[in-house]
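Only one structure is covered here, and it is reproduced in the block below.
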Amino acid sequence: METPQGPLLRSQSQENDVPAGSQRGGSNRQAFKVAGLTLLATVLIVGQAFTAYMVYSQKDKLNTLERRSDRLEELSRRPSVMRAPMKMAVPMKTLPLVLDELNTKDMKTSSSPAPKKDTMTQCQKQAAGLTSADSFKPQCDENGDYLPQQCLTSPNLCWCVDKRGVMVPETAAQGPAQCNTDKTEE
């Protein structure tokens, strides 16, 4: 039988004593807890300060984004209404083309029905652009004959023709031509 080492009986004062090593370990745990909480609070405060600094330094960009967002929201709330088309400036070089197109529209919208292709006169075919590749489109009367005066609008050049569309010599002029109906009746 072995005997335990140390005294078998202890005194009352010895039983209530706490060993010195256990007191020391408890105070270390408490110090670690305080240090950890302090470090956590410090990291949180530094993070908030950094976020505030970044927001302040990017304030202009944030304001621009906010204005754009408000503008897009405003545009999306507007009802989409059909508006009249805008008038556009037309360069002067294309004016003859525009006038030709307007004349073509006027011919289409006139009250008299358009003649059939097989009953069209030479003047009407040229005016419709069916026979010549030339950009000039003659003006015809209600019978389909050439008008005595034919004009180009861009240089404002006019000349006289007979009923068949043949140019009368020496009648070309800037502005209105002096077309004598005796010369054009040929």
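Using N, Cα and C of the backbone, Cβ positions are placed for all residues, glycine too.
Remember, TrEMBL labels are computer predictions, not curated facts.
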> Of CYS140, CYS151, CYS179, which cysteine does TrEMBL list as the disulfide partner of CYS160?
Replying inline: CYS179
> CYS123, CYS151: which one closes the disulfide with CYS140 in TrEMBL?
Replying inline: CYS123
> In whole Å, how far is CYS140 (disulfide bond) from CYS151 (disulfide bond) when you measure between their Cα atoms?
Replying inline: 12
>> Cα-Cα, whole number of Å: CYS179 (disulfide bond) versus CYS158 (disulfide bond)?
In response: 10
> What counts of helix, strand and coil residues does DSSP assign across the domain 'Thyroglobulin type-1' (120-179)?
Replying inline: 7 helix, 14 strand, 39 coil
>> Between CYS158 (disulfide bond) and CYS123 (disulfide bond), how many Å separate their Cα atoms?
In response: 17
>> Rounded to a whole angstrom, what is the C-alpha distance between CYS140 (disulfide bond) and CYS160 (disulfide bond)?
In response: 13
